[in-house]
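Asker: The following block contains the structure, expressed as structure tokens.
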Amino acid sequence: MPATLADNRSMTVPVSSGAQPPVGGDDEALIAAYLDHVRFEKRLAERTIALYRQHLLALAQYAREAPVDLLQVHAAHVRRWMARLHSAGRQGRGIALVLSCWRGFYTWLGHAGRVPANPVAGVRAPRSAKPLPKALGVDEAMRLADFRAGAAAVAADPDDADAPAEGADGGDAWLEARDAAMVELFYSSGLRVSELTSLDAAPSDTARGWIDLDEGEVHVLGKGGKRRSVPMGKQAVHALTAWLAVRLSGLPLAAGSERALFVGRQGTRLTRQAVWQRLRQRSLAAGLPTPVHPHMLRHSFASHVLQSSGDLRAVQELLGHTSIATTQVYTRLDFQHLAKAYDAAHPRARGGDSSKK
């Protein structure tokens, strides 16, 4: 690479220099002048300028192969080069960044009257498929829900670091009852972590959400201030009943007025961060291959209900989605499940001989 592009350019160029495209300059000179422009006038960071240099040198290489000068590039060239980036494995978001750099370069040339139109103006990067939400398989979800931790697994509670000392067995049983109830409620009702941590143990005028064990329901205030009621399974009701029986035991006296359903050892409402940490620790202790986070249990709840019922509208209501389009992502998870079942069961799925028994 010529030194004029490999270095950081002379810092003696004044900020107000107003770098312009050189008249009659070659492609390298055009790129160098543009990099001066974004450095001294746009004041972009050096890391960004380094990326711009990389993208513009790739543009110049494509132009040489065409062959065409940078000042003669048309939209058809850009689309062809974009296709090459895509076929080389670039994702839509990465291609969009490259096109943004090229578009800025030609906008600068256009303002200087060097090109009649911006060849990148109407070119858009291909959309990247949204990644599927990560969900546990049914067996994995059951393994986590059925897991009961021993003393070593529950002794270290991040939100209880300064808690008063108490007997190891009693402390472990308290944490185990709480964490087991959280897992059961997450998987049974598909709550968001913010919905779970805002739950109170009983209804009140100021409660954002609460549980009703008699009716087997949890009432939550979701996104956009939208209230909904979600059923709880029997296992969740049993786990919550066990937790409520010990919830205030061994806590400071002031904790008796705390309305939060899930509390730390200081008797205050459990934070979202603490829930994340406890769930991660519990999933690893249960032997799951990857750490589980709260939203993964929400995804698992939605996917498993859809697999069993096929009722997308019901899943939408249970999750509290305003739009059915948000819920439709779970149909892709459901299709994955069906595709795996097909591959495992259909005699022609793997190109085998269907005549063989």
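Quick reminder: no glycine exception, Cβ is built from N, Cα and C everywhere.
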Asker: Select from 1-21, 253-273, 295-315, 316-336 the stretch of residues annotated by TrEMBL as region 'Disordered'.
Answerer: 1-21
Asker: Just jot down the residues in the same chain as Lys223 (active site), at least 6 apart in sequence, with C-beta under 8 A of its C-beta; none if empty.
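Answerer: Sequence-distant Cβ neighbours: Arg192, Gly320, Thr322.
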Asker: For His295 (active site), what is the tally of other C-beta atoms lying within 10 angstroms of its C-beta?
Answerer: 16
Asker: Please work out the helix, strand and coil residue numbers for the domain 'Core-binding (CB)' (25-110) from the DSSP assignment.
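Answerer: So the counts come to 69 helix, 0 strand, 17 coil.
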Asker: Over all shown protein chains, what is the count of other CB atoms within 10 A of the CB belonging to Tyr330 (active site, O-(3'-phospho-DNA)-tyrosine intermediate)?
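Answerer: For Tyr330 (active site, O-(3'-phospho-DNA)-tyrosine intermediate), the 10 Å Cβ neighbour count is 25.
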